[in-house]
Amino acid sequence: MVAVLQSTFAIIFSMEFIVGTLGNGFIILMTCIDWVRRRKISLVDQILTALAITRITLILLVFIDWWVSVLFPALHETGKILRMYFISWTVINHCNLWLTASLSIIYFLKIASFSSIIFLYLKFRVKNVVFVTLLVSLFFLFINTAIVNVYFDVCFDGVQRNVSQVSRLYNHEQICKFLSFTNPMFAFIPFVTSMATFFLLIFSLWRHLKNMKHNAEGCRDVSTIVHIRALQTIIVSVVLYSTFFLSFFVKVWSSGSPERYLIFLFVWALGNAVLPAHTFVLIWGNCRLRWASLSLMLWLRYRFKNIDV
């Protein structure tokens with residue numbers, strides 16, 4: 001039964017890896033082409049490119065970790081491999097979450113409409129806001145990485161004092177429990193940021209529709225469409241964070257229980273599926289990427305028709 005589950009989820013993870021790599025690779029390719037053509041790159045494209053690179057790296061890391069755990073379980077449980085994997089995962093996932101939050105901030109400041117002095121001040125300084133946000137994230141990244149590194153150092157010291165506890169100290173389950181406490185704690189700030197921008201955009205859209213109704217105008221103007229597309233992007237970001245938190249809680253709940261192993265694999269697959277899903281939402285929410293993807297699909301459809309003929 002376990003072998004069947006591993007084979008099934010191996011196929012699922014492989015499909016997620018392929019789809020996620022293609023989607024994020026498309027974003028990187030189109031952004032680079034546009035950068036070379038225009039000789040400049042916008043702030044949104046910079047964040048999208050950095051996010052796409054981070055996503056590819058994260059998906060690749062999880063994909064490799066899965067296959068190493070299946071094919072080489074003894075190697076997967078060694079201290080050096082665990083330290084390398086979890087520190088790498090902590091850094092890459094941290095960048096993924098904060099870049100996603102930064103993208104939500106950009107959409108909010110560029111699209112929302114408020115008369116507050118503070119909002120207007122931030123609206124005309126979007127680059128500075130994003131720069132400060134990412135700078136603050138580096139501080140939290142340093143603390144998070146240091147905590148994980150210290151935890152492994154304590155494990156190494158324990159092994160040197162008591163060799164008989166090697167398997168327990170380097171147990172993948174124990175480290176997952178530890179990270180299930182630290183990583184959600186450091187992901188809380190970008191999660192709250194995305195939630196705040198989501199609700200503020202809803203409020204901005206509600207005010208906009210109310211004003212249009214009062215002025216007896218149509219409800220599908222350009223501003224409304226832009227609001228809705230931004231909300232679609234941010235709501236998937238919120239789902240991404242929610243799945244992130246859920247996966248860690250399920251890891252703690254299902255650890256040490258073979259009966260809950262299926263639930264653990266399902267939530268893990270769901271968490272990994274959110275990444276490529278969010279990528280395609282980003283493509284659909286960006287006008288340039290959306291038209292490029294539609295053009296690519298039409299070209300592929302035309303090529304396949306010619307092959308059939």
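The backbone N, Cα and C atoms fix where each Cβ goes, glycine too.
Here's what Swiss-Prot has on this protein:
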TOPO_DOM  1-8  topological domain 'Extracellular'
TRANSMEM  9-29  transmembrane segment
TOPO_DOM  30-55  topological domain 'Cytoplasmic'
TRANSMEM  56-76  transmembrane segment
TOPO_DOM  77-101  topological domain 'Extracellular'
TRANSMEM  102-122  transmembrane segment
TOPO_DOM  123-127  topological domain 'Cytoplasmic'
TRANSMEM  128-148  transmembrane segment
TOPO_DOM  149-185  topological domain 'Extracellular'
CARBOHYD  N162  N-linked glycosylation site
TRANSMEM  186-206  transmembrane segment
TOPO_DOM  207-229  topological domain 'Cytoplasmic'
TRANSMEM  230-250  transmembrane segment
TOPO_DOM  251-262  topological domain 'Extracellular'
TRANSMEM  263-283  transmembrane segment
TOPO_DOM  284-309  topological domain 'Cytoplasmic'
Does the structure show the transmembrane segment (9-29) and the transmembrane segment (186-206) touching, where I'm treating 3 or more Cβ pairs under 8 angstroms (sequence separation 6 or more) as a contact?
no
Taking the transmembrane segment (263-283) as the reference, which of 56-76, 102-122, 128-148, 186-206 gives the largest number of Cβ pairs under 8 angstroms?
56-76
List, by number or range, the same-chain residues at least 6 past the topological domain 'Cytoplasmic' (123-127) whose CB is under 8 A from its CB atoms?
43, 105-106, 109-110
Between the stretches 56-76, 102-122, 128-148, which one has more Cβ pairs under 8 Å with the transmembrane segment (186-206) than any other?
102-122
By a Cβ-Cβ criterion of under 8 Å, what residues six or more beyond either terminus of the topological domain 'Cytoplasmic' (284-309) are in contact with it?
26-27, 30, 34, 44, 48, 229-230, 232-233
Local confidence of the prediction over the topological domain 'Cytoplasmic' (284-309), expressed as mean pLDDT:
77
Other parts of the chain folded back onto the topological domain 'Cytoplasmic' (30-55), taken as Cβ under 8 Å at six or more residues beyond its ends:
20, 24, 92, 95-96, 99-100, 102-103, 106, 126-127, 130, 275, 279, 282, 286, 288-289, 292
